[in-house]
Amino acid sequence: MYMVTIVILLLIAADQISKWLVLNFLKDAGSVEIIPGFFRLLYVENRGAAFGILQDGRPLFIVVTLLVIGFLLYAIYGKNEGIRGMGRIALVLILSGAVGNFIDRLRLHYVVDFLSFRFFGHDFAVFNLADTMIVIGTVLLMVQIFKMDREPKRHV
């Protein structure tokens, strides 16, 4: 469990360092084109939920995030050391991303987003490393649930 805690702290640190760099070096520039027509760093203050929905819902986000963080901590560290394997990896990613964005909400009153992709001439939502962790963790969790559903049931 010690290693799980280290991984969670490292993921949160990576998210917060990336946002610190954006706040200190990208905020004034606005955007920097990395791969023309496909990928750029774009400073955005997201006061809403994922992909900018529910703007200015800060009190609701704080309460919901605290509940989610509590549930995830129990699932990871709870009775019998919680969930194992890919399920644990998924929950670690989701928890790390949730905490990373929660820190922004408490400290800045918004979440710093900066990764911007363009697909087939259309801009995709601007997001950050924490969002990426949450999405990857959610996909892994869905795969794990799907695999569990496919496993033959054992009758005792």
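Each Cβ is built from the backbone N, Cα and C atoms, and glycine gets one as well.
Feature annotation from TrEMBL assigns transmembrane segment to 60-77 (among others). Non-local neighbours of the transmembrane segment (60-77) in the same chain are 1, 4, 49, 54, 83, 88, 91-92, 94-95, 98-99, 101-102, 105-106; each lies 6+ residues outside the stretch with a CB under 8 Å from one of its CB atoms.
According to TrEMBL, the transmembrane segment annotation covers 89-106 (among others).
Annotated active site per TrEMBL: ASP113 (among others), in sequence order. Long-range C-beta contacts of ASP113 (active site), restricted to its own chain and to partners at least six residues apart, with a cutoff below 8 Å, comprise LEU42, VAL44, GLU45, ASN46, VAL126, PHE127, ASN128, ASP131.
For 126-146 (among others), the entry in TrEMBL reads transmembrane segment.
Annotated active site per TrEMBL: ASP131 (among others), in sequence order.
A simple way to gauge crowding: the CB of ASP131 (active site) has 21 other CB atoms within 10 angstroms, across all the protein chains here.
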